[in-house]
Structure formats: C-alpha cells, structure tokens
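Have a look at the structure below before the remarks.
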Amino acid sequence: MSSQVRLRLLPSAKCLFDEPVQVKVGGLRSKQLVTMRARSTDEKGVMFSSSATYRADGNGEIHLDRDPSLSGSYFGVEPMGLLWSMKPDTLHKRFIKTSSLNPQVVKLSVHEEEEGKMLAEVINERFLIGDGVSRLPVKEGNIRGALFTPPGRGPFPAVLDLYTFGGGLSEKRASLLATRGFVVLTVSLYGHDDQAKNIKEIHLDYFEEAIEFLKRQDKVSSEGVGVISLSKSGDLALSIASYLSGVAATVWINGCSANIAFPLYYKKRLIHPALMHDLEKLIPTESGAVIGKYVLDNHLAEENKDTLIPIERAKGQFLFVASEDDLNWDSKTYMDQMMERLKRHGKENFESVSYPGAGHYLEPPYGPYCPSSFHGVARRPAVWGGEARSHAAAEVHMWKKVQEFFRTHLSWNAEQTNPKL
C-alpha cells in the first residue's frame, strides 16, 4: 500500500448499520484514475463485493458524496453506492445478517486503475445494536424470540417485529429500532430454538401472547403497541390489528390484503382460510430465477372472499408501504385496494407511501440490494424486482418514515434517545 494515499470514513469507521458514512480519499496524483472496492461476507460465508472507478480532483482528492463514479457497479454521485451495490459471488444469494451481536464488516479499498495495486484500505464496522441497548432471548410460554430494550428509564413505545418467514429469528430490524428508542420484541414462528421446522397453520393467539408479554415490560409505556411486518407477515399484521386489542400503529410492507399460504386460527376457531397459489404460473427467467407476481389466486373472487382481512375493524393507525416494481406479488394494487376499502367504511386511519423502481425486500438501509434469492414457497430462486439505485433510495426514505409513524402514533418522549455506539 502507498503511504501517501489516505482512505478515511467520517465521522468514524465504526457506525450503526443504518447510518451513512462519508468516504474520502486523499494523497492521490492530480486527476488520477482509481478503482474503489468494497467487500463483505455475510453470516453464511457468502462474499459480496462492488467496485467503481473515480477520478481525483486537482488536489488528488475524491469525495464520494461529491464525485461521480465513472464506471463499475454504479454510476454517478452515490455516497453509499459501494455498500448497496455489492453483489454476491454466487447467483441468487441474499445478504444474510440476522444476528444483532456482531457488526457487518466492510473492507473498503482504493486501487490503481490499471495494475490494480492496493493504495489504501479501511474497515467499516456497521453495528446493529447501539450502546446500552439490552438483548434478552425470550422463551416464555409459547413465545420464542428476542427482546431489545433501549438504555434509560423510559417509558418507551413498544413494537412487535414480525420478521417471521423463512424460518428462524431475525434481529436486525428489531435491534436497530431499539437503538432508536423503541422496546422491540422480534418473534419467530418456526425453525428457531425448540419450534417445529415447518408449519401448516398459524394461530393468532401466539401474537396476542407476544403483545401481552411486551406490555408487561417495566420500561414499556401503557399506550398501545406498534406492529411492523414484511411480505407474508404483512397480512398477519393486518389480522393482528383487526382482531386483537391494544394495537395502536401497524406498518404493512409489501404484503397482501388477504390471508395467504396458511389458514389462520384464533382461540381454536378458523377465522381465515388461506388464499391459495398456482405454481404453474411462475415465469422463468434466463438467470434461472422465477417471477411469482401472478401465482396467487384472485383474492377478490367470490370463492376467496373469506380470505380477505376486515381491516376496517382496526382501531389503530396503518402505514402502508408498497414497492411499485415488486415482482413477488402486486403490493401496490393490494395497497390501493385496502385504502379504498377503508374509505368505503368511512375510515381515515391510514397513510401510504409507494416507491417506483423498488423491489420486494425493503429493509433498513445500506445493505446490499437483493435482486433474487431462494423463495421458501416456490422452493427455487425468485426475482424480487426493483433496480438497485431506486431500491436503495427507497430504503433510506422508508426507514425514516417508519420511525416517524411510530413516534407519532405511539407514546413518545422526545428526550428518550440519542443513538450511540
């Protein structure tokens, strides 16, 4: 490495996963062309990487928040482009980061354009949990999950995180929300601890138990709880808000308006059969992944009316979030239909946001964009839709929107939290 070249991350090489960093290079020759690279390995050992070509200014400096990428994984001025544009070294892999205990480690480097010699390198540690946030594994009654609690006396607003499908437990979103001042319980439905590896039905009682557990926590405010979802758990969030008490705010992200895949029970009574799908309608692509946008049966057909969730029963507020290029299913249409349903019932307890160019997996920002990965129902890789730049921008906006929504509709003390490492 060249002792002259400096690669810096500001304000620090250590940050929270959902925070941007400024990437700056100094000590280059005037107008020198270089390649910037990023590499990170996920929890499954899959390597993700990106690269971009930059030209230094007259002072031999490059600022990623000022200077455009001329070629590579992305083009133009993209301050965090090296992170969100990283691609796996194997097709159809999603960046897996489910544990909150270890940071995402990203190696950033600058190289000579022609010979590829490394000139400087720095490691960016991106933590999923802030200083003082406690993590408590939960195995109480039927509940299996993890509870994250911010530092301080509280009381804090409480959120139930339904990052439930795919099996196992995902902590990333929950730990980051807790770092922002929420008590968050993330739960698993199957494939974690002593739970069954697969399920054939879902019982709403499980989530009722989880909500009661949350409300019993010492630092939780006495007001209603929030619920956040994604994909299949979107319809579960709708059912929780519609049938259970104490839910003040629900975030639905790229879900369906009907109960899909598994019959839903409450107090041993079937409340919604499952909207079924036809895998013969999967559309193959050249990459080997399939498009599943059209496989679900028509949820508005007379024979499927019992699968529709009566969201007009909900007493709390809704935030509907839809990606307009979702290829898993037509999230935007489901969202529009739900808003029309609420309006027909004289309800105004909702707001919405939709994102052109975004795909199915909307998550906390700055992780690698996932165009395709294994689909648990299709049992093969699926195309999720979206375009990397638009999707990354959508995640930044959505993450702020979600926090604002919960702070507006859950009991909130503005002095409660200043996230720190």
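First residue shown is number 1, and so on along the chain.
Glycine is no exception: its Cβ is also placed from the backbone N, Cα and C atoms.
According to TrEMBL, the protein carries these features:
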ACT_SITE  Ser231  active site, charge relay system
ACT_SITE  Asp326  active site, charge relay system
ACT_SITE  His360  active site, charge relay system
DOMAIN    202-411  domain 'BAAT/Acyl-CoA thioester hydrolase C-terminal'
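Take the CB of Asp326 (active site, charge relay system) and look out to 10 A: across all protein chains shown you find 25 other CB atoms. On the 0 to 100 pLDDT scale, the model's mean across the domain 'BAAT/Acyl-CoA thioester hydrolase C-terminal' (202-411) is 96. Of the recorded residues, Asp326 (active site, charge relay system) and His360 (active site, charge relay system) place their C-alpha atoms 5 Å from one another. Each residue contributes its Cα atom, and for Ser231 (active site, charge relay system) and His360 (active site, charge relay system) these two points are 8 Å apart. Neighbours of His360 (active site, charge relay system), defined as other CB atoms within 10 A of its CB across all chains, total 25.
When other Cβ atoms within 10 Å of the Cβ of Ser231 (active site, charge relay system) are tallied across all protein chains shown, the result is 25.
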